[in-house]
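As given in Swiss-Prot:
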type: BINDING; residues: 174, 194, 257; note: Zn(2+) 1 binding site
type: BINDING; residues: 194, 230; note: Zn(2+) 2 binding site
type: DOMAIN; residues: 414-500; note: domain 'Fibronectin type-III'
type: CARBOHYD; residues: 61; note: N-linked glycosylation site
type: CARBOHYD; residues: 103; note: N-linked glycosylation site
type: CARBOHYD; residues: 124; note: N-linked glycosylation site
type: CARBOHYD; residues: 245; note: N-linked glycosylation site
type: CARBOHYD; residues: 421; note: N-linked glycosylation site
type: CARBOHYD; residues: 427; note: N-linked glycosylation site
type: SIGNAL; residues: 1-24; note: signal peptide
């Protein structure tokens, strides 16, 4: 199929809307606080960098509006339920991985059993759509944060897809906690933000998405609560390797870790922003040195599977219905920190991490106490307590997750073997691809998307129909291309970078 230039592409207008900022100087403090007062600003999918090359081809790539079913899902995510979940998890005293697993009211075993019972309660009301399992293994001493053998258990709820059930998307939070001493498994460690907040989102999404009044998703969605994160990402590593060993087709994984507060240690509030960390070049065990060199040669280091997944989230989950801005961070994680998305990346799966915009380290990995602030000398409350959580904010982060997961699960999977022809010196670009792993049953057509090489998100698109090759009059030297499938229901999937 050959597509020549034709049709006028409307000029991309840079949206001028910006957050209204209210600056206030509290009388009792000399610290300026910046508060975002505009709850929503429209998504930016164009930028000055995207103005060249100028082409009269295709159309503007716009954000994807939520479907009727997705709007229903978003409307039912409850801050009160999220708060109740977090307070219940805190009530177990500590959820340290090494803590007791036999006490019915204290320790990680009690938390595990309660999480399982909640998932099972939702499963019982789902008419068989949701199934629940506790999976795990016995971890031996590691010479670091596991001094004696301990059982690592993950609680997993699976919403089986209908249409392409072998394609899987997974969302997780970790239910273990810690205080100042990573090996203190007896002391109180409430872990409200880190990471009861993430577990609360997994539970709430399972509740809402599995209800009888909704259609089944096309692909399978897994909701997980994992253990062992604070001791070395053990639960997530076990889960990722279990899926890899069974050759599972996981096309996207999100972990929600520290999503509980929108307020920084200096009082700065950004209640309508969430960070999404997305890795660049994959690990060498996923892409070998030769593949890595090819990626670098074509300028594809910013178009890894994880970053394509993040672009999809930006395009589908940043809107007035979620009331959130998704700030994509082109980095694996924060400095000196790690998260449960990493084992999935190392297993070869696209994965990314949601985290609040500004962290207060007095409320993470701390013994509960009142102590001096090293900056101000004033007494402050230390500890990861529920009183420092913003439950409305957590529910909005949950909506971002829901929008991304539902759109992913209702759209076709990623095209495979996506190639760009470089056999001749030409000023056009020829592409070939194979259908998604699940075949063409859900596919209504394919789209070529592109952006300027220094633009962060897709700015243009062209529908090329139900084909597996296409040539367009736009030089591959000047832009970054992607190929994505469009569903018969109109839902667009994740784009894939073409390799020579």
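Glycine is treated like the rest: Cβ placed from N, Cα and C.
Distribution of Swiss-Prot features across the structure.
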residue: 103; record: N-linked glycosylation site; Cβ contacts under 8 Å, 6 or more apart: 109, 110
residue: 124; record: N-linked glycosylation site; Cβ contacts under 8 Å, 6 or more apart: none
residue: 174; record: Zn(2+) 1 binding site; Cβ contacts under 8 Å, 6 or more apart: 195, 198, 199, 225, 226, 227, 228, 229, 230, 235, 236, 255, 257, 340
residue: 194; record: Zn(2+) 1 binding site; Cβ contacts under 8 Å, 6 or more apart: 177, 257, 258, 260, 364, 365, 384
residue: 245; record: N-linked glycosylation site; Cβ contacts under 8 Å, 6 or more apart: none
residue: 421; record: N-linked glycosylation site; Cβ contacts under 8 Å, 6 or more apart: 429, 430, 431, 432, 500
residue: 427; record: N-linked glycosylation site; Cβ contacts under 8 Å, 6 or more apart: 473, 475
Quiz prompt | Zn(2+) 1 site shell beyond 174, 194, 257, criterion: Cβ within 8 Å of Cβ centroid | solution = 173, 191, 195, 197, 198, 229, 230, 255, 256, 258, 339, 340
Exercise. Can you check how the pLDDT averages out over the domain 'Fibronectin type-III' (414-500)?
Key: 97
Quiz item: Given the binding-site residues 230, 257, which one's Cβ is surrounded by the fewest other Cβ atoms within 10 Å?
Solution: 230
Self-check item: Count of other CB atoms lying within 10 Å of the CB belonging to residue 61 (N-linked glycosylation site)
Solution: 23
Quiz item: Tell me, by DSSP, whether residue 174 (Zn(2+) 1 binding site) is helix, strand or coil?
Solution: strand
Quiz item: In the domain 'Fibronectin type-III' (414-500), how many residues does DSSP call helix, how many strand, and how many coil?
Solution: 0 helix, 43 strand, 44 coil
Quiz prompt | DSSP state at residue 61 (N-linked glycosylation site), helix/strand/coil | solution = coil
